[in-house]
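Read through the structure below, which is laid out as structure tokens, and then see the notes.
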Amino acid sequence: MAVQRTISHDSSAEKQYATHIEGEAVVDEYLPLFPLLVNKSLEERRKIEKRLKRKLDWVFLPVVTLMLLMGYLDRINVANARLAGMQDDLNMSDTMWSAGISLFYVGYIITQLPATVYLAKGLPRWQMPAYVIAWSVVTACMAAMSSGWSFLVCRFMVGVAEGPFLPMVSLMTSSWYTKEEAPLRMAIWHAGNIASNIFSGLLAAGILENMNGLAGMRAWQWFVIIEGK
């Protein structure tokens with residue numbers, strides 16, 4: 001009898017939270033976890049979902065795309081800084097310069113897994129701006145470099161600061177959008193990486209032409225300061 005009561009109770013609970021889609025009853029096992037939605041009809045929940053998706057598209061997506069654009073600018077700015085004389089001013093050999101470029105990716109890789117694990121326990125609204133501020137500060141500090149060794153350290157730290165950002169954005173996108181909606185959103189914020197190549201070239205041309213020697217600083221110093229900010 002006890003077993004029959006349990007089965008009967010479970011069956012009634014499933015019926016309570018069943019959603020009728022195209023004539024078929026589909027049990028939403030997660031619905032009881034959201035008290036505000038339990039008593040909503042299917043049509044009401046669809047309206048709420050539509051408003052939420054619109055808010056994500058107009059707030060989350062543009063912000064993430066802009067952040068990725070700025071992050072990629074910080075990643076590729078050394079190529080333009082080299083043209084502006086950074087390597088010569090810091091007395092670096094080609095070997096040391098290449099080592100600095102590689103160290104960025106070392107820092108970038110080693111922080112991705114720990115950051116993804118931490119994201120599950122942290123708060124994205126604090127983590128996301130924290131990473132952006134971190135890589136911006138390190139990039140701006142590159143203007144104070146005086147040797148090749150300081151270049152190596154700065155590039156490694158920029159990689160450490162940028163590493164967690166892309167996994168975090170990917171996880172948030174896959175969590176907040178359905179598997180049908182996520183690919184388009186990922187393509188949109190990946191477009192920020194491509195657009196950064198356009199902005200980087202235009203910005204470098206303007207700085208190299210007009211700001212070299214301004215306030216006693218070289219063009220590459222202005223370059224990292226402006227992009228860091």
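A Cβ is built for glycine as well, from the same backbone N, Cα and C atoms used for every other residue.
The transmembrane segment annotation in TrEMBL covers 56-73, 96-120, 132-158, 187-208. Annotation comment: TrEMBL describes 60-229 as domain 'Major facilitator superfamily (MFS) profile'.
Within the chain, the transmembrane segment (96-120) has long-range Cβ neighbours (under 8 A, six or more residues past its boundaries) at 75, 78, 82, 87, 127, 148, 151-152, 155-164, 166-168, 171.
Restricting the average to the domain 'Major facilitator superfamily (MFS) profile' (60-229) gives a pLDDT of 86.
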